[in-house]
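Enquirer: Quick paste of what TrEMBL says about this protein:
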BINDING   76-89, 282-294  NAD(+) binding site
BINDING   Arg96, Arg106, Arg134, Asp224  substrate binding site
BINDING   Asp224, Asp248, Asp252  Mg(2+) binding site
DOMAIN    4-353  domain 'Isopropylmalate dehydrogenase-like'
SITE      Tyr141  site 'Important for catalysis'
SITE      Lys192  site 'Important for catalysis'
Amino acid sequence: MSKKVMILPGDGIGPEIIEQAVAVLKTADEKFSLDLEFSEGLIGGASIDAHGEPLTDAELAKAGECDAVLLGAVGGPKWDTLERAIRPERGLLKIRSGLGLYANLRPAILYPQLAEASSLKPEVVSGLDILIVRELTGGIYFGEPRGIQTLENGEKQGFNTYVYKESEIERIARTAFEAAKKRGGKLCSVDKANVLEVTVLWREVLDRLAPEYPEVELSHMYVDNAAMQLVRAPKQFDVMVTGNMFGDILSDAAAMLTGSIGMLPSASMNETGFGLYEPCHGSAPDIAGQGIANPLATILSAAMMLRYSLNMGEAADAIEAAVSKVLDQGLRTGDIHTEGTKKVSTAEMGAAVVAAL
Ligand code: NAD
Ligand code: IPM
Ligand code: MN
């Protein structure tokens, strides 16, 4: 039976990188007879322009009926002055929360060919393989009350609420423990339990679950230290688990260890295995339309989609091997370009992966 994949290109470089990822998926489809069925939808600024809102309920429902969703990126200066409730980013938050995609997996893996492209010394990053597990549908991103209010003295005050229920912590913790069990057996939970009660509870829940996973060594770290340790000695980490906002920030930092944010894929899943797959980076308005964006994070996200939501691990492996082969050939988009390698465009990079596949 065919598997339905919804494509949401979004804004900025979104359509450019998605075009390459879809070409790779279509090649994999032919080679491995995957029987993928594609449909396309609108999200972010593209949807605001067409419908006046960043994700319509109809589009959300369509996404939920598919087997998986592949997304480019949303946002851009054109929509930055809109009121917060209808900004492009709200479309992304709506699809994540609307489909219950609480488990965000962000693997930061250094391809050995890119050791020179990392901003850290090759010996500090060589062999790097970290999985950041980020809670994606709760925390300060969604907590109520939120807003900007005017005080009695006429001064304005902005406020958000950092809140987690035990059940929300427990389910993301279990995702992380299970992942650690299958990998290097180490789990570092990142919090700010020295200041924030919500993360005192976070730590308590992790500690309570730890005895159920005797094969996993659990440690705790404050987020400020974790940011420093990621840059000082990143290979000490195997799996990291943290809340929505800390995970957002730490994963961008981890991205740079791998050479570029243009290399970091992600999966956002619910308990049924359904997932939304997207690069960790944004719509990169500064380079949009120039055909120079790195499509590899999106192509690698497509591979994660095949593996995690569509049970097509062989095709996923083949795409990842093709990416590695293209890096062996010395092809680099501008963000990962170093001396002695060949600078290529978004389309050339995509075509090279297709050819390698
Ligand atoms: P960004 O990730 O879009 O860009 C940060 C920097 O990284 C820029 O210099 C950009 O050129 C570079 N970069 C990003 N992806 C790249 C790629 N594939 N190849 C080469 N270089 C790349 O972050 P930003 O500038 O803070 O945000 C821009 C817009 O994107 C904002 O509207 C923001 O809200 C949105 N955003 C969306 C997502 C998403 O859709 N998942 C994620 C982050 C930011
Ligand atoms: C990401 C992005 C989003 C987030 C924004 C655009 C809502 O930065 O996917 O990392 O903060 O989750
Ligand atoms: Mn982010």
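Note that Cβ sites are derived from N, Cα and C of the backbone, with glycine treated the same way.
TrEMBL: automatically predicted annotations, no manual curation.
Help me picture where these features are in the structure shown.
Expert: Neighbour list (Asp80 (NAD(+) binding site), Cβ cut-off 8 Å, at least 6 residues apart, same chain): Arg87.
The Cβ of Arg96 (substrate binding site) has 21 other Cβ atoms within 10 Å, all protein chains considered. Look at Arg96 (substrate binding site): DSSP puts it in a helix.
Within the same chain, residues at least 6 positions away in sequence whose Cβ sits under 8 Å from that of Asp224 (substrate binding site) are Lys192.
The average pLDDT computed for the domain 'Isopropylmalate dehydrogenase-like' (4-353) is 97.
Around Tyr141 (site 'Important for catalysis'), taking its Cβ as the centre, 19 other Cβ atoms fall within 10 Å, counting all chains.
Lys192 (site 'Important for catalysis'): 19 other CB atoms within 10 A of its CB, across all protein chains.
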Enquirer: Consider only the binding-site residues Asp80, Arg84, Asp224, Asp248, Ala284, Ala288: which of them have a Cβ under 6 Å from an atom of ligand 1? Write none if no residue does.
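Expert: With ligand 1 as the reference and 6 Å as the Cβ limit, the list reads Ala284.
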Enquirer: Tell me, in order along the sequence, which binding-site residues from Gly76, Arg96, Ala284, Ala288, Ile292 have their CA within 10 Å of Asp248 (Mg(2+) binding site).
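Expert: Checking Cα-Cα distances against Asp248 (Mg(2+) binding site), none of the binding-site residues falls within 10 Å.
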Enquirer: Taking only the recorded positions Arg134, Lys192, Asp248, which have a CB closer than 6 angstroms to any atom that belongs to ligand 2?
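Expert: From Arg134, Lys192, Asp248, counting a Cβ under 6 Å from ligand 2 as near, the near ones are Asp248.
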Enquirer: Can you list which of these recorded positions (Gly76, Pro88, Tyr141, Ala284) have a Cβ closer than 6 Å to ligand 3?
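Expert: Those recorded positions that pass the cut-off are none, since no Cβ is under 6 Å from ligand 3.
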